[in-house]
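K.L.:
Let me give you the structure first, and then I'll get to my questions.
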Amino acid sequence: MNLIAQLPVLPIIIPIVAAPITLLLPKGRVPHLWACLFSWLTFAACIALFAEVSSTGPISYHLGDWAPPIGIEYYIDLANALVLLLVSGIAAVVFPYAYRSVQLEVDERQTPLFYGALLICMTGLLGVTITGDAFNVFVFLEISSLSGYALIAMGARRDRRALTAAFNYLVMGTIGATFFVIGLGLLYQATGTLNMADLADRLIGQDNRMVEAGFAFILVGMGLKLAMFPMHLWLPNAYTYAPSAVTAFMAATATKVAVYVIIRFIFSVFNFDFAFIGAAFTYVLLPLGLAGMFVASFVALFQEDVKRMLAYSSVAQIGYMLLGLSFATVEGLTATLVHIFNHALMKGALFMAVGCVVLRAGSHSIYAFAGLSKRMPVTTWAFLISGLSLIGVPLTVGFISKWYLLQAAFEAGHWYAGFLIVASSLIALAYVGRVAEVMLLREPAEDGKYAMPKEEAPLSMLIPMWVLVAANIYFGVRTDLTGGIAQRAAETLMSMAGGAP
Amino acid sequence: MEHLILRVTTKLMFAPIILFAFYVQFHGDYGPGGGFQAGVIFAVAFILHAFCFGLDETKKVLPQKALIVMMVIGFLFYAGTGVVTMLLGANFLGYDALVPESTHHAGQHYGILLVEWGVGTAVASTMLTIFYHFAGREPDIDQEDW
């Protein structure tokens, strides 16, 4: 076996072979160690793949030795190599973190099922990212979503509302997937192919209603999956009631992958100079992105529940990504890709910090955070630093995202958007500041519902959390890493689309 | 003896249904059929058994735990075929590597046979698991819950 030649398929094969075996393992510690091991192996494969792609250029892998467009093709260029690295990296951090948190929040007998589902969810997200076949995107999307619904529902041990949240997500997610597949059906009808590169070739010059409708269905379907405002209603409950580790993983990866799919379809499948794509940018993505930034941030301001607050903040952050995309320039696309990466780092760290508090205080209400700096200083600082990153303070990744986004906004001539970005960051300052005030200045509850022992979270949770916090600062200082790669990826995507960079 | 006719008919039908499942399974290469359909037909035999004799009797024949093992084995048959072809030097699921000296792609035949067998096993056990859970209504009380 030639390992380098088989590298593109390894990020899918490793977890998908490991996942079913997890079901046969005895409950307790073993499934966790097993899942951790394979998440790290997958991460290693993704790093190797990324190195390969960035040095030799795009890789195409033919499944079953059937050449595309007939066979299924995995096509990896810099844009999806970056997202692959992100998804597997977050997984490699969240899996070790999960053990203690899952011990508390999930029924012990379900642990083999839980880690199996987590591995399958990761496989699905990696598969959506890696594939060059439009229908394969749908298949992997369903793999990740179905396991995601089950993972969210497992939060029911602590709070029964997880069941309705998961069901709600299931209904919305299925509608989204159905819309996506209807869109694919229309494109297939118009072109007779499902391979992305082949679709792009055959769509040239096809400026008709069917292709337009196909694009609209794909955009709306994916919009549901990525919680584009105002289709975000499933997200706050799903993130609030899911087990902490699941929230940290899904908030950092699931919506980002859906944003990637939209980018991929707009730039690699649809020819970028279709008039209706320009209209979608101006009349759909731009206003909805801006509205999401403000409405969701504003709603986050009034949440009693920190997890729910962060969930609304995620909706707002997706607004930033769509805004960058809607500028339709290399700078805007770079800003979106950078923010996909950076937002995953900050939201992952924030939700992990909340998970630590849940472990000790048994609640993610803001009242449980009272005086947290005296009870759990290490967790408090992790929350504060990643919170600052969310606001966009210099030396953190959040600043880099905002910087690229501002630059893109002014260069695209949308100067008002630049001011709105700053204004919505001020709302972020308010909602993070509210939690910070409670953590730093309030006195901890001595008795009652939110009283907790003066005990830090276990190291198995602190270390992964601080790895992400450190990444927040590292990539905030070494901007050439993410920014440079995102820029190259954006240029590749733009040149594929044939649009003027 | 209640419902004697139903019981006897079910017993008569049980084996032919499974035989038909195998026919669909192995005929899948040449005509309509294959693992998905065969798996469902296989599961139907046991569902019919459960309708007539009660779920508890069926669970004695095919317990839930065995179904989970079947699911895993079925899936690993599929993925394992792909991994084997990778180890033999082809791409994932590149069946030709199974019989490289063949001039008429015999490897494709063996490969799809193995993969479909995996699909059939996984689909049959998953169908039955879904049926057990719907039919059982209340989950079985575990020993630890007493």
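Positions of Cβ are set from backbone N, Cα and C atoms, glycine also.
Nobody curates TrEMBL annotations by hand; they come from automatic prediction.
So TrEMBL lists these for the protein:
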type	residues	note
TRANSMEM	A:6-25	transmembrane segment
TRANSMEM	A:32-54	transmembrane segment
TRANSMEM	A:74-99	transmembrane segment
TRANSMEM	A:111-131	transmembrane segment
DOMAIN	A:133-427	domain 'NADH:quinone oxidoreductase/Mrp antiporter transmembrane'
TRANSMEM	A:167-190	transmembrane segment
TRANSMEM	A:210-229	transmembrane segment
TRANSMEM	A:241-263	transmembrane segment
TRANSMEM	A:275-302	transmembrane segment
TRANSMEM	A:309-328	transmembrane segment
TRANSMEM	A:348-369	transmembrane segment
TRANSMEM	A:381-401	transmembrane segment
TRANSMEM	A:413-432	transmembrane segment
K.L.:
Do at least three C-beta pairs under 8 angstroms join the transmembrane segment (A:348-369) to the transmembrane segment (A:275-302), pairs 6 or more apart in sequence?
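P.N.:
Result for the transmembrane segment (A:348-369) with the transmembrane segment (A:275-302) is no.
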K.L.:
Please report, as numbers and ranges, the same-chain residues at least 6 past the borders of the transmembrane segment (A:381-401) whose CB is under 8 Å from any CB of it.
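P.N.:
For the transmembrane segment (A:381-401), the nonlocal Cβ contacts are 313, 317, 320, 335, 338-339, 341-343, 345-347, 349-350, 352-354, 356, 372, 425, 428-429, 432, 435-436, 439, 462, 465-466, 468-469, 471-473, 475-477, 479, 482-483.
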K.L.:
Which bits of the chain, at least 6 residues beyond where the transmembrane segment (A:309-328) starts or stops, bring a Cβ under 8 A of a Cβ in it?
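P.N.:
Hits for the transmembrane segment (A:309-328): 226-229, 232, 235-236, 238-240, 251, 255, 259, 262-263, 266, 272, 278, 281-282, 285-286, 288-294, 296-297, 299-301, 303, 334-336, 339-340, 343, 347, 350-351, 354, 366, 390, 401, 404-405, 408-409, 412, 414, 417, 421, 424, 427-428, 431, 435, 499.
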K.L.:
Given pairs 6 or more apart, does the transmembrane segment (A:167-190) have at least three Cβ pairs under 8 Å with the transmembrane segment (A:210-229)?
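P.N.:
They do touch: at least three Cβ pairs between the two stretches lie under 8 Å.
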K.L.:
With the transmembrane segment (A:241-263) as the reference, find which of A:74-99, A:210-229, A:275-302 contributes the most Cβ pairs under 8 Å.
P.N.:
A:74-99
